[in-house]
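A.B. asks: For reference, the structure I am asking about is given below.
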Amino acid sequence: MGLLTGLLRARKLLLVILVPLLLLPLPMLHSSSEAACAYVLTVTAVYWVSEAVPLGAAALVPAFLYPFFGVLRSSEVAAEYFKNTTLLLVGVICVAAAVEKWNLHKRIALRMVIMAGAKPGMLLLCFMCCTTLLSMWLSNTSTTAMVMPIVEAVLQELVSAEEEQLVASNAGIEEAEPISLDVNNSQPSLELIFVNEETSTTDSTSLMQNKNLNGVSTGTSPVKPAKHQSKKQPPPQEKPPVLTPGAKNQGVNRKYKSQHDQMICKCLSLSISYAATIGGLTTIIGTSTSLIFLEHFNNQYPAAEVVNFGTWFLFSFPISLIMLVVSWFWMHWLFLGCNFKETCSLSKKNKTKREELSEKRIREEYEKLGAISYPEMVTGFFFILMTVLWFTREPGFVPGWDSFFEKKGYRTDATVSVFLGFLLFLIPAKKPCFGKKKDGEDKEPSLGMEPIITWKDFQKTMPWEIVILVGGGYALASGSKSSGLSTWIGHQMLSLSSLPPWAITLLACILVSIVTEFVSNPATITIFLPILCSLSESLHINPLYTLIPVTMCISFAVMLPVGNPPNAIVFSYGHCQIKDMVKAGLGVNIIGLVIVMVAINTWGVSLFHLDTFPAWAKVSNITDQA
């Protein structure tokens, strides 16, 4: 019994050692580049799927095994680990760090809640829209971790507002103190958020206790209660504390006054995770899976200048919009029923005293943020400017600003994001004053020299694990192409040529949707991309016809807490059970799969010319066969 227990404890170490040894006969008996590449690919894939070692560490396996087996030179492998999308990510993270540092996300979320009111249906729609908007530009995980504390505070107000009002009236208190503040808990640190983006979580209970996620410490610290401030700008480092999952919060055993209150809490909590996934589909920088697809596609087909920020947005924005509306109806019907008139009414006459008190508390939370600060305005301006420059670089239907330069093709979306991110390190966080200084303004001269973001802010949020993971995927793809393994795999799948293209795409989407529930999203897409490229070339199907739907469906890991970190964050708040996530997530998964398949066969065909086998794919195919 003791031996068995020891083996179970050391199972990951045994897996790391035994897998390479058991597979070693493959390159030894078949001394070819294809066999050696297959060996490296299999070992890396097993490490990723089992998470026996961290994902980033497993991505380094090709860096030493490819040169060892003579598949690629060491310098060639090293070049695959830092690509154009890495620079794009660097610039985006700079803006994301500024948004988080200056609480711009909280201002947007609370403002939208105030506009929606306290009706459950409108609150659900409001939070889903807000989360989707933020998730377009930030990682799904960071968006969920930013919005969920606000949702939890609002839920506490909704559930307890009526009871507090009765207590206050009986005791003769003019105004009850807000209960949405918990000084013993703090907002989850972004240090774990970006590092673990789109990776699977193996222990949800550890997140409940704010200990770790995928082995990365959260590093949270106690937050002091925020004092009520006037219209003056709040200090940049003081953030209004909000409820977060912690020991105190979980110890209440989630007692609800009614079944309706419990359904509201479940519905709002789960909708945040689903909305973050929907928002991540909208932009090419919304999730790491989209970035991995873009870089892999550009490497595999360098002559194909068809996928950029603008074309991806034109294709995916209608998908996200339709998914958002249909998912809202699905969540409302599943948890709140079909009485949309009662739960979505905007009339002030229909508001109960409980809802009026809840709205009052939400306004108080918003007022604590004070007037919009100068750093928030600068961050918001850069946010909008970066988007506009991305859209107008190469719109497609009209010449973009890139056409003003003599040499074409030198500037990409990464050029814009890195430039604007660099400026955030230079612009002072204190509004410049060119006139006469007022009394007391020179007491803290150091504040005037601090930029919008510092290098420490950038380091906390830069997802180096994802960068290395993506680089490992590029290295595997490059080795598969140069060794001829991708061509061999494509020939083995010629038996599927009897199926229509839409059926092949549907089967691939269903397969990855199942796999991604148990395997991390980046690992799933890294494994499937080379296979699907070879399959498309062998069957003379436009590669985008398969790659784009599969990339989107990989993000639909919404049925289990271990599917992705947003699920684990939502689950940790204790409002929903696994059966609730499976039931609601299955519906969202089916909705997404149907909408993506409809989109790729309608406006996707005309946007990407999917009805023809393109010349850039033929060139790649001929090169591989040679």
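Residue numbering: from 1, along the chain as shown.
Heads up, the Cβ atoms here are built off N, Cα and C, so glycines get one too.
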A.B. asks: Select from 150-169, 410-429 the stretch of residues annotated by TrEMBL as transmembrane segment.
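C.D. replies: That would be 410-429, per the transmembrane segment entry in TrEMBL.
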A.B. asks: May I ask you to check whether the transmembrane segment (369-390) and the transmembrane segment (45-69) make contact, with contact taken as at least three Cβ pairs under 8 Å and only pairs 6 or more apart in sequence counted?
C.D. replies: no
A.B. asks: List, by number or range, the same-chain residues at least 6 past the transmembrane segment (45-69) whose CB is under 8 A from its CB atoms?
C.D. replies: 12-13, 15-16, 19, 27, 36-37, 39, 77-78, 81, 199-200, 202, 214-215, 464-466, 468-473, 475-476, 479, 519-520, 522-523, 526-527
A.B. asks: May I ask for the residues of the chain that lie six or more residues beyond the transmembrane segment (502-532) and have a Cβ under 8 Å from a Cβ within it?
C.D. replies: 45, 48-49, 51, 55, 198-200, 287-289, 292-293, 296, 466, 469-470, 472-473, 476-477, 480-481, 486, 489, 496, 539, 541, 543, 545-547, 549-551, 553-557, 559-560, 562-564, 589, 593, 596-597, 600-601
A.B. asks: With CB pairs under 8 Å as the measure, which of the listed stretches 81-99, 267-292, 410-429, 544-563, 584-604 comes out on top against the transmembrane segment (312-331)?
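C.D. replies: Answer, by Cβ pair count: 267-292.
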A.B. asks: At least three Cβ pairs under 8 Å linking the transmembrane segment (544-563) and the transmembrane segment (81-99), pairs spaced 6 or more in sequence?
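C.D. replies: These two stretches do not touch.
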A.B. asks: What residues elsewhere in the chain lie close to the transmembrane segment (267-292), defined as a C-beta under 8 angstroms and at least 6 residues from its ends?
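C.D. replies: Contacts with the transmembrane segment (267-292): 85, 88-89, 92, 120, 123-124, 127-129, 131-137, 139-141, 143-144, 147-148, 151, 154-155, 197-198, 307-309, 312-313, 316-317, 319-320, 323-324, 327-328, 331-332, 334-336, 413, 417, 463, 466, 469-470, 473, 521-522, 524-526, 529, 551-552, 554-556, 558, 564, 566-567, 569-570, 573, 575-576, 580-581, 584-585, 588, 592.
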